[in-house]
């Protein structure tokens with residue numbers, strides 16, 4: 001199978017020739033976690049299209065945008081034999097009237113956690129996902145639970161705006177030291193990577209020594225972040241609807257499953273800066 005490359009909706013339609021397909025949106029700099037998501041999408045027995053577009057609206061820091069890795073040639077090599085086509089449009093194709101265009105408001109849930117730290121972040125996410133869905137018209141679209149808040153908001157947008165597409169939310173991969181795969185991990189030095197790994201390991205083992213209250217779990221991770229010198233952006237436990245859980249309820253289990261499908265359990269979500277590099281993580285919880 002020869003991987004096809006399209007840079008416009010017309011080129012993509014020509015490649016697909018009327019076939020139904022599934023879409024995996026990415027910003028490129030593909031890693032093992034992306035490839036695993038593509039493999040999950042292939043289980044649908046439909047052609048897989050991977051979009052690669054570094055979306056300017058998602059960045060509140062111009063330096064972060066400028067330094068975000070762009071590795072199209074390497075990405076194409078990784079997708080050969082796995083995807084049917086890559087859709088890699090230009091900024092002008094996605095935003096023909098410039099970046100000061102109509103945006104989709106994510107609502108209150110888009111202004112907590114990542115949305116509180118990065119104002120406008122989810123406006124950018126939802127706007128580009130909506131544009132991709134309208135331009136490409138997939139049968140299904142795949143997202144990783146690693147970015148759980150993003151997946152939740154996309155799923156809600158699709159439902160409320162009646163997009164004719166099914167949103168699939170899958171589990172995600174971790175490396176052998178428990179750190180979730182991320183394109184930004186390549187920016188981590190040896191010391192920073194070790195700290196990020198310790199944070200993820202702490203999240204996974206938060207109730208290994210017995211049940212704790214929601215408040216105690218958050219305090220435990222906060223103390224860990226402080227002890228290893230990590231700048232914690234947030235550490236919060238929310239239910240499957242991204243609502244707060246009473247602080248005196250008990251957490252009896254924290255777990256990670258690559259095979260987990262959907263967003264149907266409470267989550268312990270955190271974000272931190274480790275030597276200036278953003279890391280995000282979450283684990284599923286059993287809360288009683």
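For all residues, glycine too, the Cβ spot is worked out from N, Cα and C.
Per Swiss-Prot, ATP binding site is recorded for 27, 28, 29, 30, 31, 32, 33, 34, 173, 181, 182, 183, 184, and the stated evidence type is sequence analysis. Look at Swiss-Prot and you will find 34 tagged as active site, proton donor. Marked as (R)-pantoate binding site by Swiss-Prot: 58, 150. As annotated by Swiss-Prot, beta-alanine binding site applies to 58.
On the structure: features taken from Swiss-Prot.
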residue : record                    : DSSP class
27      : ATP binding site          : coil
33      : ATP binding site          : helix
58      : (R)-pantoate binding site : helix
150     : (R)-pantoate binding site : helix
173     : ATP binding site          : coil
182     : ATP binding site          : coil
- [ ] Using C-alpha atoms only, work out the spacing between residue 33 (ATP binding site) and residue 58 ((R)-pantoate binding site) and round it to an integer in Å.
- [x] 20
Task: Same-chain residues at least 6 apart in sequence whose Cβ lies under 8 Å from residue 27 (ATP binding site) - done: 52, 53, 54, 55, 58, 68, 183
- [ ] Mind checking which of 58, 150, 182 has the fewest other CB atoms within 10 A of its CB? They're the binding-site residues.
- [x] 58
TODO: Go through the binding-site residues 150, 173, 182, 184 and tell me which ones have a CA within 10 A of the CA of the residue listed as 'active site, proton donor'.
DONE: 173, 182
Open item on the list: Quick check for you: of the binding-site residues 29, 31, 173, which have their Cα within 10 Å of the Cα of residue 150 ((R)-pantoate binding site)?
Closed with: none
Open item on the list: Counting only residues 6+ away in sequence within the same chain, which have a CB under 8 Å from the CB of residue 31 (ATP binding site)?
Closed with: 181, 182, 183, 185
TODO: Ten-angstrom check, please: count other Cβ atoms within 10 Å of the Cβ of residue 33 (ATP binding site), all chains counted.
DONE: 20
- [ ] Select one residue from 34, 184: among these recorded positions, choose the one with the most other Cβ atoms within 10 Å of its Cβ.
- [x] 34
- [ ] Measure the Cβ-based neighbour count of residue 173 (ATP binding site), defined as the other Cβ atoms within 10 Å of its Cβ.
- [x] 17
Open item on the list: Using a 10 Å radius around its CB, how many other CB atoms surround residue 29 (ATP binding site)?
Closed with: 20
